[in-house]
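> Can you keep this structure in mind? I'll have questions shortly.
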Amino acid sequence: MWENNNIQAVMAYSNLNIQSISAGGWSPLDTDRYQWLQVDLGSRKQVVSIVTQGRYSSSDWTSKYRLLYSDTQKNWRPYLQDGNIWTFEGNVNSEGVVRHELQHAILARYIRFIPLDWSREGRIGVRLELYGCSYWADVISFDGQGVISYRFRSKKMKIVKDVISLKFRTTARDGVLLHGEGQQGDYISLELRRARLQLSINLGSNQYGSIQGHTSVISGSLLDDDHWHSVVIERYRRNVNFTLDHHTQQFRTNGEFDHLDLDYEISFGGLPVSAKPSSGGRENFVGCMEGITYNGDNITNLVRRKKVDTSSFRNLTFSCTESNSSPVFFNSTSFLRLPGQSDSDTLSVSLSFRTWNPNGLLMFTALADGWVEVGLTEGKVTVYMNVTQRKNTRIDISSGSGLNDGQWHSVHLNALENYAMLTVDGDEASTVRTAIPIQIQTGGTYYFGGYFMHTNTRSSQRSFQGCMQMIHIDDHLVDLRAVEQGHIGTFENVSLDMCAIIDRCVPNHCEHTGRCSQTWDTFSCNCSGTGYTGATCHTSMYQQSCEEYKHQGKNSGSYWIDPDGSGSIAPFRVNCDMTEDNVWTTLKNNLSPQTSVTSADQEGKAVLQITYNVTDEQVLSVTGSAESCEQYVAYACRMSRLLNTPDGVPFTWWVGRANERHSYWGGSGPGIQKCSCGIEHNCTDPKHYCNCDADLKEDAGLLVYKDHLPVRQVVVGDTSRAGSEAKVTIGPLKCLGDRNYWNAASFTSPASYLHFPSFRGETSTDISFYFKTSSTHGVFLENLGTTDFLHIELRGSVILFSFDVGSERVELSVRSPVPLNNDQWHRVEAEKNIKEAVLQLNGQYREFRPSPPQGHTRLEFYSELYVGASSGQRGFLGCMRALKINGATFDLEERAKVTPGVNPGCQGHCSSYGMHCRNGGKCVEQYNGYSCDCSLTAYDGPYCTDDVGGYFETGTLVRYDFLPEVGPFALREVNSLSGVSVPSEANLTQEELVFSFSTSSTPSILVYISSRTQDYLAVVLRHNGTLQVRYSLGGLIEPYTIDVDHRNMANGQPHSVNITRNLREIRLQLDHYPVSTYTLPETSDTQFNLVKSIFLGKVFETGQIDPIIIERYNTPGFVGCLSRVQFNSVAPLKAALRSGLSTPVSTHGILVPSNCGASPLTISPMASASDPWHIEAAGAVFPFNEDKASDGGVDRNSAIIGGIISMVIFTVLCIMVFVIRHMFRHKGSYHTNEAKGAESADCADAAIIVNDPAFTETIDESKKEWFI
């Protein structure tokens, strides 16, 4: 039995700091889980905190406890916090004092202190004090008949602001708490429906019904628990705060009206007599209310003073009557055993229950021959009767459905004579009857909620978790007070006079419209169709932008994006156009190109509405983070003027974001009432700034001021003249890039940090960011609170995410299989919600941890958020970008601009020194410098400037093999075990081959690239030392050859070769000479199919090879030096000479590393007279012999003639430059060193627009012209 210690008997012994050994606190006679201490406060009080201490000079204390409270010593309610029955942390010794401030004040007369855990060295013991204040309120009892009618001072009330509050207590599921209405259709109503509270407001609907003002919001559940619940309704115009038991819902009413128009009165407790017939059919409230206020008037006080009409009450009382029901609370290990009649031929059991579990045992009783079991199975009440006299005859009946909805449901089982009846929820019409083959004989013992006796007839049902009340056995109500006092029956782990049912779906922790379902112990979320995932539907399934999709390797296409991640903006679909350098996000609209303008209104205006498949908020999320946006607009006209330039009122305008009207057109900008041709000074009629203002042609261009975009409406005003015609085109909104994705900061010191205001703690908190570093340790971010704490850190190859929940710390870690200090971008995603904590690295390595059973669901921080070093710890070194918390992007760049030790952006040293990485080397950031990545080049060294070459002896060859084809993309790269990317076979339409060589022997093969078909590319030296390029791509009888016949390249000097092909065009550059262009014949294919191998120096290949290659050039092979060999992204010679690289390359013969002597000469190695590439079209002969050139008069004459010719050429060139400049000036092109943008502009307006898309910042507001 529980020990009933009333505070009046023990108060003198249980106060804090009492130091008498005989009176040093409370300690029950028995130390077990059935003890409690009850405090009677004398009247209802508001309790705000509790303080505990162990028993004086003893080993007795209480380490964990719970609190119950009640007004009547019946129907106790457990103290709840964060949606859980709260367990308080108590004492760890006898003298320490522990104080807890209650998150929500307790309003009650009686408090019960329930010890859960206590001293292992002693017994239960406590000294306690409760802190609070007095409380008094007028209470009114409603019997379902009486209604309080509060009459207004005037017949009609037109109200813009309302504040209504009240508290109620009831055991009824339905009933109207307040109601008011007006003749114009306005109303406000608050009522219980299935134990949930529904607020309905209508501020007005128009007579045509096109504007519907009805708004309805539901809050709470299980409100028929006979406990006090507080309600506050605050309205200002259309904005409403609806608060129930400290949980506030904010919403806006539908429609466009702001005033609540009520007539005569507002009623409390039911509908007034004057209510419209359409309002009927709703039950009046049964229960108690207190503290009713309406816009500053205390209604309950007015009732007591008889200032309000209460004539409908039969017996008005100012007290709250006790309920006759006494609930019983069962957990999974509870049961209640009660006696009944034995040896009776009639079995009658009834009860009411409420639960969330679909299965559970309600009642079990053994018969003289068999047993009867009543339980829940998949939400239905089922009865199993097993009669052993008739060879284990089993009778099954069931009734009802969905009875695990948390509502009270009644069950009545009657078995007498030869039939049984089952009735659920008092519905006699649905009573289920069944025949019983023999007469039953009762056993006299009934088990409720569970059956733990180890007998052969033990039930297979799960234990019941929930509440029961109104238990009747043999048509007699069981006296649970007698059970509690031990007079009848027994029980185990049962809480009497209490129903601790919790609705874990109210408030709904499933975010983003996720659907909540629950059992007794937990809830789950169904996120299907929401676009979100996770235990609470918190995490978006989509990336934040097209930019992020591109860097995941996606191609152009249609994608769902979610710019604010877990924020309130729903995902939406966009088109992503991904080029090599840029990423465009496109939002389409409903307007077809060249839409004809018709149906003008009475004022002669035709309105075109442009709609997009996204909301204004979604558009703003794209434009707000974009680098720039643009939208193409065109106005094709015939006798339909546009802007009425130069000085008239515009006939046509467009409406953009924020419903602002704009009178500029594509190619122009705010404050400039011109079209594109007016900016460029090329309108058909120079008198106008738009072509259509002269009734001619078309005006088109781009709108680029993104704060005005997108175009939502176009109003066309000049289409009423005879023969007028206008066609409008509004292209899609296109936005470039995503600044949030690249919003970055560089931390250059272990002590550097950024600090931001502490973010608001929510029931779910998520943090995501990218980082790259060359350091192994560092704190990413940290936030501290009084008891809460959040911390993310890098430790070697491990990411740590730790946080405190109350007194319990949770730590998650994810280990990366590769080093994280490799100067590559890595992504961290951490989330904590009411169900779980998750840490994820790079989208694939993940750890999950269930949340503790109780804790702060809302993190509460007092310090700022520190990004980087904090509390003397070693901070993060490197770059961080795209930091996002709870859907909000933190502007690292702006904060870094004013913070020492942190630089904005992540370019860092590469932005200043990256040009030192030569020959295609990639600059790699390091927190204290930079390095050059030469892995994809044919060079080496710290700046990718060191030649990688080799000397080939006779017969030496290098072979590089591509991997077998695995997909359709050109030169796809597959990561090998060593991390080196190896291209696979591909079909190429363009390629680049670059190399240098020096040799004195001919003939030879320099480079040969083979394929799995007969396609090939070969560069050879012929017998006379001249260079030949051979292309065989199919479609030609003979390979296409390029012969460089003018020069002997086998002269021992180093030479560079660059061959580039794009489809049919081939560009060839030797050394410093100008590029020569060649074109493949039309009959030639343009695709280099299935590139297989690269050979250097010699060919050793199976399959069919061009016999000319083998017969003329392959023997004896190249002898000399090759260097800088690169084919697209492949450097085969470097791969062969770097043994540490695991690549498919092989070498035959002797290959000696060498830089091949020197770089290719930047001047011709021979005099111009003997250079066959020198053009002699001028007719002058320049002797090669320099000695002769300085002897005799002939030589002097030659010098004079040469000087004259040079002067003539110089004069001609000067004249040509002058003519060309004049021509371009005439065309309006500027070639000056003026400010950026001016060189392509034709006037000041155009220079501004070209130079800065946000050009309105440079235009004085006073000079803008707006026409309305």
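Note that Cβ sites are derived from N, Cα and C of the backbone, with glycine treated the same way.
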> The disulfide recorded in TrEMBL for Cys906 goes to which of Cys879, Cys932, Cys934, Cys944?
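Disulfide mapping in TrEMBL sends Cys906 to Cys879.
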> Checking distant contacts: for the domain 'EGF-like' (501-538), what same-chain residues at least six beyond its ends satisfy Cβ-Cβ under 8 A?
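Those are 80, 83-85, 196, 219-222, 225, 247, 329, 354-358, 406, 465-467, 560, 562, 566, 570-571, 763-764, 766, 831, 833-836, 838, in sequence order.
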> Mind giving me a neighbour count for Cys879 (disulfide bond)? Other Cβ atoms within 10 Å of its Cβ, every protein chain shown.
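Looking across every protein chain shown, the total is 24.
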> May I ask which of the stretches 1-133, 139-320, 325-499 has the most CB pairs under 8 A with the domain 'Laminin G' (743-906)?
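Out of the listed stretches, 1-133 contacts the domain 'Laminin G' (743-906) most.
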> Check the domain 'Laminin G' (139-320) against the domain 'Laminin G' (967-1156) for contact, please; criterion is three or more CB pairs under 8 Å, pairs 6 or more apart in sequence.
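Taking Cβ pairs at least 6 residues apart, the domain 'Laminin G' (967-1156) and the domain 'Laminin G' (139-320) are not in contact, as fewer than 3 fall under 8 Å.
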> If you draw a 10 Å sphere on the Cβ of Cys906 (disulfide bond), how many other Cβ atoms land inside?
23
> Tally the residues of the domain 'F5/8 type C' (1-133) by DSSP class, grouping H, G and I as helix, E and B as strand, and everything else as coil.
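Residue counts in helix, strand and coil order: 8 helix, 71 strand, 54 coil.
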> Helix, strand, coil residue numbers for the domain 'Fibrinogen C-terminal' (537-589) per DSSP?
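Result for the domain 'Fibrinogen C-terminal' (537-589), in helix, strand, coil order: 5 helix, 21 strand, 27 coil.
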